[in-house]
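Q: Copying in the features that Swiss-Prot gives for the protein in this structure:
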- 1-25: topological domain 'Periplasmic' (TOPO_DOM)
- 26-46: transmembrane segment (TRANSMEM)
- 47-71: topological domain 'Cytoplasmic' (TOPO_DOM)
- 72-92: transmembrane segment (TRANSMEM)
- 94-114: transmembrane segment (TRANSMEM)
- 115-131: topological domain 'Cytoplasmic' (TOPO_DOM)
- 132-152: transmembrane segment (TRANSMEM)
- 153-167: topological domain 'Periplasmic' (TOPO_DOM)
- 168-188: transmembrane segment (TRANSMEM)
- 189-198: topological domain 'Cytoplasmic' (TOPO_DOM)
- 199-219: transmembrane segment (TRANSMEM)
- 220-235: topological domain 'Periplasmic' (TOPO_DOM)
- 236-256: transmembrane segment (TRANSMEM)
- 257-262: topological domain 'Cytoplasmic' (TOPO_DOM)
- 263-283: transmembrane segment (TRANSMEM)
- 284-287: topological domain 'Periplasmic' (TOPO_DOM)
- 288-308: transmembrane segment (TRANSMEM)
- 309-337: topological domain 'Cytoplasmic' (TOPO_DOM)
- 338-358: transmembrane segment (TRANSMEM)
Amino acid sequence: MLVWLAEHLVKYYSGFNVFSYLTFRAIVSLLTALFISLWMGPRMIAHLQKLSFGQVVRNDGPESHFSKRGTPTMGGIMILTAIVISVLLWAYPSNPYVWCVLVVLVGYGIIGFVDDYRKVVRKDTKGLIARWKYFWMSVIALGVAFALYLAGKDTPATQLVVPFFKDVMPQLGLFYILLAYFVIVGTGNAVNLTDGLDGLAIMPTVFVAGGFALVAWATGNMNFASYLHIPYLRHAGELVIVCTAIVGAGLGFLWFNTYPAQVFMGDVGSLALGGALGIIAVLLRQEFLLVIMGGVFVVETLSVILQVGSFKLRGQRIFRMAPIHHHYELKGWPEPRVIVRFWIISLMLVLIGLATLKVR
């Protein structure tokens, strides 16, 4: 919005031209989202406490989690608010990629909100019925994927970028829709599963979003895209603004979510952020890169799949508890140790993922 306004005012004062620079808008997008999160935090926490919107803790979970019962949840609302406001202020409003991310972000946020509401207000520990949750997540993912396929059919926008190989970028055809669907829905659920300890999900999300900000900048720059042998996508540059907004909002939320947490993001935050990372990866044609950079989310999800599969097939569990972060808790690791070590692993994976862009 401000970019559009600046374009009309630049003829009166040349200083408004600074709004056309992507790097400037990326920085102020991050700062805007950060300050909104920091401003909303105390107010959101107080309001959630007043409404008695406290975390519901499973009785079969680690004993250390019982003290978390009643901690305000649904704090993801402040993350989403900060991201949406920042993006609307600093991104070009005509960019279709920006709107794709916002549709998934807000859509998944609404699904998460309904799930949280049923858990917190109606005291239903199961929340939104699983089949309805997946149904609406699928509707949003398939709708966006189909629209993107029609808009980018037989162009670089529907190619598959394979790491470590320079010119291996096959056209996916209709498989693009299927891949996009699984990436968006899968990442949404993966971040949701990871959100089990104070700050555990938000910091890897910040790292991955920061990594994608660099990838989006390169993908939207013809020279750098050619240099790195990745598809040049002219709309991709504005995703830098979205990614930095996620970074800023995430850091602002972490201020209140760090151990011991004053507020939890809830499904309204985790589903939305996961879905956003998924659609960003799809738009940038970097689904494989998401698997590498988001390795913490992948391992958390695989631990649940393996645990359930092993118990059904063999009657035995692989881990003491899944997702895997609970396994380490039950082994006696203090919660802060689990969190920080997962953060370190996440940062390493993001750096490795970025390195693969050059190793071709």
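The backbone N, Cα and C atoms fix where each Cβ goes, and this holds for glycine too.
Situate these features within the shown structure.
A: Same-chain residues lying 6 or more positions outside the topological domain 'Periplasmic' (1-25) and placing a CB less than 8 Å from one of its CB atoms are 88-93, 217, 220, 237-238, 240-241.
Away from its own ends, the transmembrane segment (72-92) comes close to residues 1-4, 25, 28-30, 32-34, 36-37, 40-41, 44-45, 48-49, 53-55, 98, 101-102, 105-106, 109, 112-113, 116-117, 120, 238, 241-242, 245-246, 248-250, 252-253, 256-257, 262-270, 272-273, 276 of its chain (Cβ-Cβ under 8 Å, at least six residues beyond either end).
Tertiary proximity for the transmembrane segment (94-114) is limited to same-chain residues at least six positions away from its ends with a CB under 8 Å from its CB atoms, namely 74, 76-77, 80, 83-84, 87, 128, 133, 136-137, 140-141, 144, 147-148, 151, 184, 188, 192, 235-236, 238-239, 241-242, 266-276, 278-280, 283.
For the topological domain 'Cytoplasmic' (115-131), the DSSP counts in helix, strand and coil order read 8 helix, 0 strand, 9 coil.
Long-range contacts of the topological domain 'Periplasmic' (153-167) within the same chain: residues 173, 176, 179, 229-233, 285-289, 292, 356, 359-360, each at least 6 residues beyond the stretch ends and with a Cβ under 8 Å from a Cβ of the stretch.
Counting only same-chain residues 6+ beyond the ends of the transmembrane segment (168-188), those with a CB under 8 A from a CB of the stretch are 104, 108, 134, 137-138, 140-142, 144-146, 148-149, 154, 156, 158-162, 231, 270-272, 274-275, 277-279, 281-282, 285, 287, 290, 294, 297, 301.
Sequence-distant neighbours of the topological domain 'Cytoplasmic' (189-198) (same chain, 6+ residues past either end, Cβ-Cβ under 8 Å): 112, 137, 204-205, 257-261, 264-265, 267, 269-271, 273-274, 277, 294, 296-298, 300-301, 304, 323, 325-326, 329, 335, 338-339.
Within the chain carrying the transmembrane segment (199-219), a Cβ under 8 angstroms from the stretch's Cβ atoms is held by residues 22, 26, 191, 225, 228, 230-233, 236-240, 242-244, 246-247, 250-251, 253-254, 257-259, 261, 265, 270, 273-274, 277, 280-281, 284-286, 289-290, 293-294, 296-297, 325, 338-339, 342-343, 346-347, 350, 353-354, 357, all 6 or more beyond its ends.
Cβ atoms under 8 Å from those of the topological domain 'Periplasmic' (220-235) belong to residues 22, 95-97, 156-157, 159, 161, 166-167, 169, 283-286, 357-358, 360 of the same chain, restricted to positions at least 6 beyond its ends.
Taking Cβ pairs closer than 8 Å, the transmembrane segment (236-256) reaches residues 22, 25-27, 29-38, 40-42, 45, 75-76, 78-80, 82-83, 86-87, 90-92, 95, 97-98, 101, 199, 202-203, 205-206, 209-210, 212-213, 216-217, 219-221, 262-263, 265, 269, 273, 276, 280, 283-284 in its own chain, all 6 or more past its ends.
Residues belonging to the topological domain 'Cytoplasmic' (257-262) score a mean pLDDT of 95 in the model.
Through the fold, the transmembrane segment (263-283) approaches residues 41, 44-45, 48, 55, 68, 71-77, 79-80, 83, 97, 100-101, 104-109, 111-113, 115-116, 120, 127, 137, 140-141, 144-145, 148, 179-180, 183-192, 194-195, 201-202, 205, 208-209, 212, 216, 233, 235-236, 239, 242-243, 246, 250, 253, 256-257, 289-290, 294, 297 of its own chain, all at least 6 residues removed from its boundaries and within a Cβ separation under 8 Å.
Shown for the topological domain 'Periplasmic' (284-287): DSSP residue counts in helix, strand and coil, namely 2 helix, 0 strand, 2 coil.
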Q: At a C-beta cut-off of under 8 Å, are there same-chain residues at least 6 beyond the topological domain 'Periplasmic' (284-287) that contact it? List them, or none.
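A: Long-range Cβ neighbours of the topological domain 'Periplasmic' (284-287): 156-157, 159-161, 169, 179, 183, 212, 215-216, 219, 230-231, 233, 236, 239.
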Q: Provide the three-state DSSP residue tally for the topological domain 'Cytoplasmic' (189-198): helix first, then strand, then coil.
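A: Result for the topological domain 'Cytoplasmic' (189-198), in helix, strand, coil order: 6 helix, 0 strand, 4 coil.
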